[in-house]
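If you check TrEMBL, you get these features:
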- 41-290: domain 'G-protein coupled receptors family 1 profile' (DOMAIN)
- 27-48: transmembrane segment (TRANSMEM)
- 60-81: transmembrane segment (TRANSMEM)
- 101-120: transmembrane segment (TRANSMEM)
- 141-168: transmembrane segment (TRANSMEM)
- 197-226: transmembrane segment (TRANSMEM)
- 238-261: transmembrane segment (TRANSMEM)
- 273-292: transmembrane segment (TRANSMEM)
Amino acid sequence: MTQGNHSTVNEFILIGLTKKPELQLPLFLFFIGVYMFTVVGNLGMILLIGLSSHLHTPMYYFLSSLSFIDLCQSTVIIPKMLVNFVMQKNTISYPECMTQLYFFLVFVISECHMLGAMAYDRYVAICSPLLYNVTMSYQACSLLLAGVYSMGLIGATAHTVCMLRVLFCKVDEINHYFCDLFPLLELSCSSTFVNEVVVLCFSAFNILLPTLTTLSSYTFIIASILRIRSTEGRAKAFSTCSSHISAVALFYGSTAFMYLQPSSVSSMDQGKVSSVFYTIIVPMLNPVIYSLRNKDVKLALNKFLEKRSVL
């Protein structure tokens, strides 16, 4: 970085969720509980799907990958945030900040496209059940999964490379609980026009494309469900989609609120609340949503617990 009016920033200070000291301990206890629940829930989902042979289907193949993404995303964010609650001055070095930003973007973008892939899977299962095994073959699922992670890697690389070109002033306090795009851009001494254009374009693509995929898939799904004559058949078809709809609404709603608006319009306090939903709350709730409202998962869990009790 150049000298003079600019200075080389070696580390940043994370402000965190709040500056009120009386809230630090309650928030620490709350979020450490959330993190433990997230780890147990998502790791348990991955192990349950891997150990249950009747769950070795494309739907649960994607669900296992979603749990892996949620687990990694939470691990990138929450441990460092917890440090902020017990330290008077929570610092993060420049390389650590860029690394956290990169991996956070990899997993959050991957989750956007993973939810779209899961919607397409449900579309094929309900609208073309006779062709499901052919359309959603192991090779097709592997290609979809490779595409999901490729989108995450490409998007994260583009954002991080642009961020590495930004010059930072002496003000090194990030008004957030982790290194995110907009809070970092607020500290810039150089022009952030290119960064904001990249953020808007990639965010629109990574949110709107999966959203359109999901909406079009469920438009055809609802049309197919309405053509089913029996009430029992309609209920069964809808039950396979209700969990996914809940997860999609929570995740896309909070990410769209955060990223699909100019930085001048959104405030960092609003951004923190929105970020808590899709970085912490959604990864915690996904295993609950997909297990409590899914008969196959509950059956697999009961069988697993029965085997453990016999042993």
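Quick reminder: no glycine exception, Cβ is built from N, Cα and C everywhere.
Please treat TrEMBL annotations as automatic predictions, because they have not gone through curation.
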Outside the transmembrane segment (60-81), six or more residues from its ends: residues with CB under 8 Å to it: 14, 16-17, 31, 34-35, 38-39, 41-43, 45-46, 49-50, 90, 92, 100, 103-104, 107-108, 110-111, 114-115, 117-118, 121, 141, 144-145, 148, 177-178, 279-280, 282-284, 286-287, 290, 296
Proximity of the transmembrane segment (27-48) to the transmembrane segment (197-226), 3+ C-beta pairs under 8 angstroms: no
